[in-house]
Structure formats: structure tokens, C-alpha cells
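Q: If you scroll down you'll find the structure; I have some questions about it.
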Amino acid sequence: MSTGRVRVRFAPSPTGIFHVGGARSALFNWLVAKGAGGDFVLRVEDTDASRNRPEWTEGIISALDWLGISPGGYEGPVFQSERAGRHAEAAAGLFAAGRAYYCGCTRDELAARTGNAQHGYDGFCRERGLGPGPGRALRFRTPDEGTTVVLDVIRGTPEFPNDTIEDFVIARADGSAVFLLANVVDDLDMGITHVVRGEEHLSNTPKQQLLWAALGTPPPVWAHVPVIVNEKRQKLSKRRDKVALESYRAEGYLAAAMCNYLMLLGWAPPGDEEIVPFETIEASFRLEDVKPSPAFFDEKKLRAFNGEYIRALSVDEFVAACEPWLVPAADVPAAVDAPAAAGTGDGAAGVTTAVPAPPWSPERFSAEVFAAVAPLAQSRVAVLSEIVPMVDFLFLPEAPTDEAAWAKTMKGPALDLLTEAAEAYEKVAWDHDVLRETLIEVGERHGLKLGKAQAPVRVAVTGRTVGLPLFESLEILGREETLRRLRAAVERLDTAANPA
């Protein structure tokens with residue numbers, strides 16, 4: 001298949017969680033296709049039946065949708081497992097052409113002959129003339145001489161002497177093609193012109209380039225993007241590092257912030273600004289500008305990015321974005337978690353993000369109350385999940401209990417101050433400026449400045465020593481509930497001071 005159009009593919013395996021490295025590769029491929037007016041193909045490489053799970057495939061599609069690579073904007077998904085017949089046909093063709101041979105060597109036999117052979121298989125069956133049969137794998141006949149030169153947009157021209165490349169297996173003894181062959185055959189048949197993938201695949205590239213040549217077709221443009229490392233400069237690991245894209249979604253990272261940050265892992269937009277609209281990224285991204293050196297995944301920087309994106313939302317958008325963390329089983333709102341990568345579909349509409357249920361019952365939540373407090377909270381959260389402990393006092397029947405906070409603040413003049421504050425608040429206009437001035441007056445009678453005077457009031461009403469602006473919070477909570485909590489705190493302090 002050859003159309004003259006740029007055609008890229010993203011080819012994940014559904015054998016585990018979809019991680020940030022896969023997300024970056026998908027975005028890089030997407031932008032190569034978009035920038036050239038070409039095609040993006042989603043190919044699910046699901047040939048490992050023992051490890052594949054349908055939910056992993058669903059997770060890949062959902063994650064791409066969240067990133068803005070939405071169904072309808074690309075070809076696929078194409079499932080590699082459905083192309084087994086074509087892979088077998090290609091393997092048979094290579095055998096018939098003398099470019100591959102059958103090998104009956106077991107691992108034990110190979111080890112007995114070679115020990116720890118530097119270059120792997122020793123070619124024992126190369127000239128034995130074996131045909132297909134039980135226990136026989138098909139190996140590619142690697143050229144004895146010459147050098148395979150890989151033309152890589154990012155890495156230049158790495159060279160691989162052919163005598164260092166073993167006769168590698170291309171089909172198992174059961175006839176199924178291994179990754180190396182299936183990947184090449186699918187790329188060839190789908191007319192893939194650019195292969196953009198992780199650096200870890202570079203070692204496979206000379207073998208695959210030899211297969212492309214054996215199948216009579218020039219190889220695609222290669223581009224191996226840099227490995228992503230943690231703060232210890234170790235390659236990101238699913239077992240060791242926080243890499244699951246879904247965990248970031250559940251924590252409250254916005255798709256736009258995630259896309260922006262992932263694009264910086266190996267590439268940088270022109271100018272000094274790193275936080276830029278995706279349209280700017282799309283217009284300026286070029287594979288030639290990707291750096292080959294390892295890219296550091298800095299979660300603190302990502303968090304800072306996300307805070308900037310949250311603050312850039314309108315209040316209505318912020319309210320909608322917070323909904324999954326405030327209302328049990330709410331879907332991710334499409335209004336905010338919509339496609340970040342050029343707006344090609346419905347974003348996350350209909351996709352439920354697994355976020356913890358809030359600590360209050362659904363009937364206690366008030367959208368009107370949250371809309372009132374949202375402007376106070378928006379500038380104070382870096383991820384959306386932080387909204388829950390910030391506003392929980394508004395929707396719980398009692399202020400959250402923090403005994404350490406209580407012990408720290410409920411001493412000295414706290415009992416008298418809370419008693420007088422409750423009495424004063426019963427009479428004044430319920431306005432945050434009035435509430436503030438009133439507490440200043442109460443505090444002055446006890447020799448306390450406002451910072452000290454408001455500490456026991458905050459703990460009594462919100463359960464915490466820090467939080468949203470206190471007097472605006474009291475205004476939103478309302479006179480009746482504020483007075484009830486202040487009096488409950490007074491009663492507790494009085495009981496402790498005067499036990500029966």
C-alpha cells in the first residue's frame with residue numbers, strides 16, 4: 001500500500017496499564033500526521049494472548065480519547081491478532097525465497113554448543129535444509145557481511161555490522177509470527193511511512209530493516225524518541241514509578257496540561273514559554289527538533305503546569321471540572337476534559353474516571369453552594385482532587401475532626417473568644433467584611449490580632465488550621481450552621497475545662 005501520504009501508527013500492546021510513555025509516543029505520532037496532513041493508525045498489537053485483557057484495550061482507546069486523539073479522527077483500531085494469516089503468508093514467502101530457514105535447536109542444545117555466545121544463535125541449522133515440523137522455529141538468514149545503517153531522524157545514522165546480528169526467529173514453532181515480523185508486515189501493508197516509537201525499540205530496528213529489504217520494500221522513516229527517566233535518571237518503571245495515565249486522571253490532572261507537559265519530554269516549543277496552547281505546539285512540532293538525550297519526568301513540574309491550567313479556566317469550567325470529585329459516579333465532564341490535541345472528537349464524554357467517592361452523601365452536596373465557593377478554591381488547587389478536603393466542611397454534617405489541629409488552637413483564651421464570637425455573630429449582618437471586623441473587635445478584647453483570633457474559629461467551623469479565606473467561607477456556610485459549630489466547640493471546651 002503506497003499513497004504518497006504521510007502515514008503513522010501508534011501500536012500499543014494491551015498487556016497492562018496505559019502509561020505516560022505510551023501517551024507521549026501517541027502524541028508525537030499524532031502531530032507528525034496532523035502536521036503533514038497525513039493519517040494516524042491505531043494498531044493494537046494483541047498477539048500475546050496469555051497477557052492481553054479487553055479492559056487494557058478499552059483503557060488505551062479511552063486514554064487516547066482523553067488526550068484528544070478520538071475515534072473518528074484516526075484509522076482503527078486494527079487488531080494485529082486478526083492478521084495472523086497474512087503474517088504466516090509473509091513468513092512462508094521468506095522461506096521460499098531462501099531468506100529464512102527452519103531451526104530445531106532447543107535452548108539447552110544451543111547453550112551446550114555455545115555457552116554464553118556474544119551474538120546469540122550460532123547458525124547451526126542454517127544449511128541443514130530443514131522444512132517445517134514440530135518444534136521448529138523459522139529464523140531469518142541475516143547477511144554474513146556488510147552493515148545495516150539506520151537513518152533515524154532523531155539519532156542520525158547508527159550502524160549495525162551484520163555479523164553482530166544473529167539469525168533471529170521470525171515465526172515460532174506453532175507457526176505464529178513474532179513481533180519483529182508481524183510488526184514489519186503490518187507496517188508494510190498499511191503503508192506506514194514514519195515509525196515514531198521509543199528508544200527501547202532501536203535495537204530491533206536493524207533486524208526489521210533487514211526484513212523490509214527482504215520483503216522488497218524500502219524501510220520507513222525511523223524516529224526513536226528519547227527514553228523517559230525518573231529523578232534518579234532511571235528509566236520509568238511500572239513497578240517503581242507513578243506512570244499510569246489513569247492515576248493522573250483520577251488525581252485531577254487536566255488533559256490539556258498533560259498534553260502540554262508530555263510534549264516537552266524530548267522537545268521544546270520555540271521561545272521561552274513552556275506552557276503554550278496546543279495549537280502552538282501543533283504548528284511548531286517537528287521530529288527533527290526532538291532531542292535524543294533522556295527526558296526527565298518531573299512530577300512536581302507537571303503539577304505546577306496543571307495548577308496554571310486550572311487557574312486559566314473560567315469559573316464555570318472549573319466547577320464542571322471538579323464534578324467527578326464532588327458527586328459520586330459523575331462522568332468526566334466533556335466541557336473541560338475535552339480533546340486537548342486539536343479537538344477532533346467528544347473528548348472524555350461518556351468515559352467514567354475512577355475517582356474516590358467524596359466523604360459526604362450525595363443529598364448533602366449543593367451545586368449552588370459549590371458554585372459560590374469555587375472562585376475561592378480555584379487558585380488554591382494544583383490538581384482537582386484537592387478540592388475535596390478544601391470544601392468538605394460545607395457538605396459534611398459536622399466539621400472534620402483533626403485532633404492535632406484542635407489541640408494546637410483550642411487553648412488559652414479560645415473558650416471565651418469562641419463564646420463571644422458566637423454571641424456577636426448572632427447579631428451582625430451576615431457579610432464576610434462584617435464578620436471579619438467583628439472578630440477583630442472580639443480578638444482585641446483578648447489581646448489577640450486577627451491571625452491568632454481566627455485560628456480557633458477556623459478549627460471550630462472547618463476542622464482545619466488552614467484552608468479557604470475564613471470569612472468568605474463563613475458567609476457561604478451560613479449563620480445558622482456557623483453558630484451551631486461555634487457553640488458545639490464552646491460546649492466541648494467547657495466540658496473539658498469543667499468535667500462533671
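Count begins at 1; order follows the chain as displayed.
For all residues, glycine too, the Cβ spot is worked out from N, Cα and C.
What you are looking at is a predicted structure, and each value in this text was computed from that prediction instead of being measured.
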Q: Among the residue ranges 12-22, 67-77, 122-132, 133-143, I'd like the one that Swiss-Prot describes as motif ''HIGH' region'.
A: 12-22
Q: Pick from 85-89, 160-164, 235-239, 445-449: which range does Swiss-Prot record as motif ''KMSKS' region'?
A: 235-239
Q: Apart from Cys103, Cys105, Cys125, Glu127, which residues in this chain have a Cβ no more than 8 Å from the mean position of the Cβ atoms of those residues at the Zn(2+) site?
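A: Output for this site, in sequence order: Tyr101, Tyr102, Gly104, Gly123, Phe124, Arg126, Arg128, Leu130, Arg139.
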Q: Can you name the residues of this chain that are 6 or more positions from Cys105 (Zn(2+) binding site) yet have a C-beta less than 8 Å from its C-beta?
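A: Non-local contacts for Cys105 (Zn(2+) binding site): Tyr121, Phe124, Cys125.
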Q: Taking the Cβ of Lys238 (ATP binding site) as centre, how many other Cβ atoms lie within 10 Å?
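A: The answer is 12.
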Q: Relative to the Cβ position of Cys103 (Zn(2+) binding site), how many further Cβ atoms are located within 10 Å?
A: 22
Q: Given Lys238 (ATP binding site) and Cys103 (Zn(2+) binding site), what distance in Å do their CA atoms have, once rounded to a whole number?
A: 35
Q: Would you list the DSSP helix, strand and coil counts for the residues of the motif ''KMSKS' region' (235-239)?
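A: Helix, strand and coil residues of the motif ''KMSKS' region' (235-239) number 0 helix, 1 strand, 4 coil.
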